[in-house]
Structure formats: structure tokens, C-alpha cells
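Notes for the one structure printed next.
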Amino acid sequence: MGSGASIRGFSCCWRKQNSFPETDVALVYRFESIAGKTKRLGGWSRRVPSGRPQASSICLDDSRRLEGYNDQSGVRGGSTVNAGTHAEGVPTEGTTSPSRLDGVDRGVDRPRILSGVQPSGKLHLGNYFGAIRQHIQRQDQGDCFYFIADYHALTSLREAEEREKAIAAKNKAYLPRPARQILAENIRDVALDYLALGLDPKKVIFFRQSDVPEVTELAWILSTVTGMGLLERAHSYKDKLAKGITPNVGLFTYPVLMAADILLYRSHLVPVGKDQEQHLEMTRDIAGAFNHAYGEVFPLPQAVFNDTPVVPGTDGQKMSKSYGNTIEIFAEGKALERAVMSIVTDQTPLEAPLDPERCHVFALYKLFATPQEVEEMAARYRAGGFGYGNAKKALLAKIDAYFAPARARRKALERDPGYIEEVLAEGARRARAVARTTLQLVRERLGLLRSPAT
Ligand code: TRP
């Protein structure tokens, strides 16, 4: 720790609560700051009538940093929170959220955390370290909504079908699956993977996007406040065009549906990979445009990134399904061994020292090993006479052991397909209740009053 100054004190702030426009939340908390690192020790919150002038917000920035979210306090700017830096500052158990302390405001001032995953096939280590792990870690840090983005997957289902055909052309024994089977199986696989990896459906509202069709209505409404120019600037769309894909309109308006996903649940935090950064910026723009035109309805959500470095695939490029360089989370036995052994390495002879920092095997090993094990492995590399083959074996053992419990859970879950359906149905029911509330407010703001008969 060294001689860093230590400060303890109380702090107080007001937070405007757009999700409940009639109230604000006042927070008082104790904090301790050592060598510039602030930790919240405990505190309490009260719901208070709204309408205090925003200028009265005290140390808003601190509370935002500590909480990792900002429910439209009136302070704009800083659209992202880095989970890596703030994770250390977030006290665990009992002090994470002021609502935990008095048990009164639960659901009001806990952040809403939302994320979606596309059901696009077997999940791999890149998905795990880039997103899934942080989704699961965050399930205690707020009210989480996680969903399987099946509507989004429709925008690229044709390509999935083409991929199947390509596999079948090479491997005569392979029967290419029709689109509906691909989608249904992928949805089930993602659900199984998340549950096996530790997602707790009691803590998280876990659902299938298309089970809440209200999202498409909101997407339509949002599309009417979204400029063409905004969508035309989307990197992911431009990248796909550059790859020669014939775009459908759904691919073009993909970010609007994504904004609807996020805004329908009035989410505060959206843990995603860096590749989704622009989509989150677009969501904020769209939310801002709606709020400006029709009055504040939506909090401006923040992307949350984790600080895991890019996970290299077996060829050293970023691990990605489209590069065909993945190591699947639930691969085992020969298949796992084959994937790990195929990681490319250079031609250094066995006796020579190796540079760990330039080796993809080592980069992957680091994700699984303790700091001490990483040190030991680096020393072996540098000592020479070790060889990439041994490094790969060590990595294989790590991956195998790391996911062994999840693999066992997945097998048990597979035997009970009814359970998955139940979880998703319950998730949909809970998500839908929130969705309907938001949509009703949106409709009122728009003057879209439903006739009482419907
Ligand atoms: N576009 C995201 C991806 O490909 C998936 C997604 C859809 C999503 N809707 C979302 C992520 C809403 C976060 C929030 O990874």
C-alpha cells in the first residue's frame, strides 16, 4: 500500500430516477479512500419526492464511479464505465448497492443491467472471456436482464444456412440443417451454456428476445426518431457490406432493434464486448432523440467493458466464429485436444528459449492460470528446452479442469429439456411485465392511446 493518504468520511448525493419519475433517491454513504482508491463501506438510501433542482446533486461523480452507473443525474458525458477499474472499487456482498442496506428501495436504485447474446452457434473462449463471464459475475450487482437475441439472429440466418451447406459439401456424412432447426438448436445451446456456466435464473431475468414481442413495437417507434445517417455510419453494417454480403433491411436497422432491447427495460448498464461500443453510442443517441422529442422516458445506458485482452484464436487472430479459429467452451476429449494442439506457434527449436509474450498459447494460458502459475510458465519458456508442445499440454489441462464442473452441469441440464423451457418461460413472463409498463408510458407520450376494448 505504501504511504498513500487515507481519507474516511461521509458523502451524500441525490440521484434523479427516471425509471420512477415521481421520486429521486438520496444516498448517504461512508467511504474510505486509500492512495486514491475509493471504497464504499456502507450507507443507506431513501426515496424522496422528485423535483429538487439538479444543481443540488452533491459528489455525483463519486457516486457514479462507485456505483458504476448514473441514472440520468443531469450530468452528461463519460458514456462508458470501465469495469476493470471500477470492479476493484465496488465493495462486494452487502455494500454493493444501497438498496441492500435498508431493503426498502430494491428495484428502484439498483442498476438495471441488460445484455443480449446472439444464438449463433457453439460459444467459445472468446465469448466466455469477452462477455459471458462478466454477465455471470454481475448477476449480484443489479437487476439483470439477459436474453437470447433470436430476432437479431434472423438477420444472418441465411449465412448460417450457407455455412451448413458448405460443411456438407466437404463432409458427405454431414446433413445440412434447415434454418429453423439451426435457430432452434442454437437458442437451446446458448440457454444451456449460460445455465451450465453459472447463470442463476432466480437472480437474473433470463429470456428469449422473441418471447417479448413488444420489443418490435418499440423498435418501430424508435426508428421514427432515428436518422438514416446514424445507421449509415454503423461500422458493423459497413463491414458486412465490405464483405460482400447482400444486406437486408433488418441488418441495416439492427442497431434500432438493439436500442429497443436496451430501452424497453430502461437499462442503466450494458456489459458488452468492445465491438458493441458503437451500438451503445447509437442507443444513447436514439434514447436522447426520443426524450428530446417526447419528454424524458429513457435513462441513457452505459456500456460496460471488461479489461480482458482480446482472446486469440488458434491462428492468432481474434477468436471468432467467422474466422473458424475457435476453441469451444464445451469441447472435451479429442475435440478439445485437437483444437488446442492446432494453435499456431513459431519455428523456434525445442532447446531454444521462447518469448512468452509473443505466444498465443501463453496468452490463452494466462486467462486460466493464477499469477504464480503464469510466472512459472513464463520462466519455463525463457529457460529453453521446454517447447510449445508442453505449453499446449499445460493449457489443455487448464481448460479441461476449468470447465469440468460446467460440463457436468450441462450434461445434467441436457437431460431435462423441460427445465430450460420453464426457465425461459418464467423469464419471459417477468420481462414482459416490465416491457409492457415501459411501452404504455411510451404510447402515452406519443398520444397512441389504445382503445379500451383491446
Ligand atoms: N449485438 C449484440 C452482439 O452481437 C447482441 C445484442 C442484441 C445485444 N441486443 C442487445 C447486446 C442488447 C447488448 C444489449 O453481441
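Don't overthink the numbers, they just go from 1 along the chain as shown.
Every residue, even glycine, has its Cβ placed from backbone N, Cα and C.
Note: TrEMBL annotation is automatic and uncurated.
Small disclaimer: the values here were computed from a predicted structure and weren't measured.
Residues annotated as ATP binding site in TrEMBL: Gln118, Pro119, Ser120, Gly126, Asn127, Gly273, Lys274, Asp275, Val311, Lys318, Met319, Ser320, Lys321, Ser322. If you look up TrEMBL, you'll see Asp261 marked as L-tryptophan binding site. Here TrEMBL flags 70-105 as region 'Disordered'. Feature annotation from TrEMBL assigns motif ''HIGH' region' to 119-127. Per TrEMBL, motif ''KMSKS' region' is recorded for 318-322.
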How long is the line from the C-alpha of the residue listed as 'L-tryptophan binding site' to the C-alpha of Gln118 (ATP binding site), rounded to the nearest angstrom?
13
Here are the binding-site residues: Gln118, Ser120, Asn127. Which has the lowest count of other Cβ atoms within 10 Å?
Gln118
Should we count any of the binding-site residues Ser120, Asn127, Lys274, Val311, Met319 as near ligand 1, judged by a CB under 6 A from one of its atoms, and which?
none
Quiz question: given the binding-site residues Val311, Met319, which has the greatest number of C-beta atoms lying within 10 angstroms of its own C-beta?
Met319
Within the motif ''HIGH' region' (119-127), residues counted as helix, strand or coil by DSSP:
3 helix, 1 strand, 5 coil
The motif ''KMSKS' region' (318-322): DSSP-derived helix, strand, coil residue counts:
2 helix, 1 strand, 2 coil
Measure the Cβ-based neighbour count of Lys274 (ATP binding site), defined as the other Cβ atoms within 10 Å of its Cβ.
12
Neighbourhood of Lys321 (ATP binding site), C-beta criterion under 8 angstroms, separation at least six:
Ser120, Gly121, His124
Which of the three DSSP-derived classes (helix, strand, coil) applies to Asp261 (L-tryptophan binding site)?
helix
Over the motif ''HIGH' region' (119-127), what is the model's average pLDDT?
91
Compute all pairwise C-alpha distances among Gln118, Pro119, Ser120, Gly126, Asn127, Gly273, Lys274, Asp275, Val311, Lys318, Met319, Ser320, Lys321, Ser322, the residues listed as binding ATP, and give the largest one in whole angstrom.
20
Counting across all protein chains shown, how many other Cβ atoms sit within 10 Å of the Cβ of the residue listed as 'L-tryptophan binding site'?
25
Mapped DSSP class for Val311 (ATP binding site), helix or strand or coil:
coil
